[in-house]
């Protein structure tokens, strides 16, 4: 009885595989040469033409200056961020990279959080965001 079930299961899997891969999606169906030629010529005409423009030195310098301004403004914006006030440390807390298995108290660093791996068998406090 087990052999017949095994054979039937194998046959069922083979039939499912065969039916799934024997029918290609509509865009992959084979076509005759005439339709391929007509489609390829139409596709080439559908796309807009590409124009190549040479940049002179002045435009290159302007773009460099604009890029430097953007970089400096981003640096200034990141430096202007106000540091959020840190909560006072509670006496029982776990240091960064130490074990913080669930009955343990919270992490000492306010930017750190307890991350568990391997089905909560190995947990440690880790700092996730560098901007904190």
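Yeah, the Cβs are placed from backbone N, Cα and C, and that goes for glycine too.
Feature annotation (Swiss-Prot): of 62-88, 89-115, the stretch labelled region 'Disordered' is 62-88. For residue 108 (disulfide bond) paired with residue 132 (disulfide bond), the C-alpha to C-alpha distance reads 14 Å. Within 10 Å of residue 125 (disulfide bond), judged by CA to CA distance, lie the following disulfide-bonded residues from the set 100, 116, 132: 100, 116. Residue density at residue 132 (disulfide bond): 12 other Cβ atoms are found within 10 A of its Cβ, drawing on all protein chains shown. Using a 10 Å Cβ-Cβ cutoff, residue 111 (disulfide bond) registers 15 neighbours.
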